């Protein structure tokens, strides 16, 4: 049974008392209400206002305008039986792929609340990823399921994803309380529902819900939406625009990286510390795939001539993107491989793409009071958050590829910029508290945060 509101002798890495993020219960309540409403607002603007911000017409009161928006959402984004079938068939099949497709085994970090036990993880995302692509293309070209149906039915699918986020969150919270599996509770049901109650929920002892939802669901859906857009363009115009191909490359690389590095994230903060609550559940089921995709939705719903980039600019941009991807992929690989070496469990998989400098030979590190070590070689010997710089480049590129005619494709760019700044600040505070003088020494050795020799 997980510990509940207690701090054992081996729990030194955990906070001594409950700390509220996001403004506590009032703040998370606003987030749980506000973000789904924002998703509907963006959907209506993207599909029914030609990419423009929905605003009241002349002489239309605010109450009439809001009523009109509700009517549009009900008419065009009703969660139909077809949408429920598509969404949950995908989830169930991905769950089956998690359990039964070929994979590798790994072990997570030692969990203080379980007496130092390392949970085993089965990592089959690479197999699931390529089977998903092949199956999607087969269904499309046989006519069984045209992949651009995901675009045509987007409103209904988004509503199903939102409803599913709430339903799964409720089941997860009640189940954790009923089984006595809650951990680090604050006493505020609203806040604990948002942050989660259970730390390591599993199905059949192997399907780890946090890892399943984080690695597969959002990024596979995002890629399939973009692939559907490419196939839709090819049927309508006889070609696929360079801009859609750029996004297809970008989303393929990101989803592929998540899949091929699955066994390396099992020691990450999300797996080790974050609880499985509304924040993670809703974000992975609905927030990421149904809001980060507005760059794709804009390209899908507009003629390619309205967002055309110079081919030479697009070519140089693509090369720069691949370079930044190499930095991002290898710096994450270096960090995660270093963690695996610390645990004495390393798996050198040959999944695509194999990139040079994916791990550091004889890395330098700083020992800490917690028993962990801080990597200060490779990319992390140049800048402490260089991977965030790459993430920011990706986010801006996803918006910029669509141009400036609509604000909605820029949602991810703006949101992610704010989130990166918040994350970087949070990470610095947590690392200073956890590692103390060792982290201060790391900051002295590596003074740059985002860009070597600049920032």
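Glycine too: its Cβ is placed from the backbone N, Cα and C atoms.
What TrEMBL says about a protein is an automatic prediction, not a curated fact.
As recorded in TrEMBL:
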- 28-49: transmembrane segment (TRANSMEM)
- 84-101: transmembrane segment (TRANSMEM)
- 121-145: transmembrane segment (TRANSMEM)
- 157-178: transmembrane segment (TRANSMEM)
- 211-231: transmembrane segment (TRANSMEM)
- 276-300: transmembrane segment (TRANSMEM)
- 312-328: transmembrane segment (TRANSMEM)
**Asked** Cβ under 8 Å to the transmembrane segment (157-178), counting only same-chain residues 6 or more beyond its ends: which ones?
**Response** 36, 39-40, 43, 73, 77-79, 83-84, 86-88, 91, 150, 192-193, 196-198, 201, 209, 276-278, 281-283, 285-287, 289-290
**Message:** Are there residues at least six beyond either end of the transmembrane segment (121-145) with Cβ under 8 Å to its Cβ atoms? List them, or say none.
**Reply:** 94, 97-108, 206, 208, 211, 215-216, 220, 223-224, 227, 231, 255-256, 258-260, 262-263, 266, 349, 351
**Message:** Same chain only, please: residues at least 6 beyond the ends of the transmembrane segment (211-231) with a C-beta under 8 Å from a C-beta of the stretch. Say none if there are none.
**Reply:** 90-91, 94-95, 98, 121, 123, 125, 128-129, 132-133, 136, 140, 146-151, 154, 240, 244-245, 247-248, 251-252, 254-255, 258-259, 262, 265-266, 270-271, 280-281, 283-285, 287-290, 292-293, 296-297, 299-300
**Message:** Cβ under 8 Å, sequence separation of at least 6 from the ends of the transmembrane segment (276-300): give me the contacting residues as numbers and ranges.
**Reply:** 28, 32, 35-36, 38-39, 42, 46-47, 51, 148, 151, 154, 157-158, 161-162, 164-166, 168-169, 172-173, 192-201, 209-210, 213-214, 217-219, 221-222, 225-226, 228-229, 232-233, 241, 243-244, 247, 251, 270, 307, 398-399, 401-402, 406, 408-409, 411-412, 415
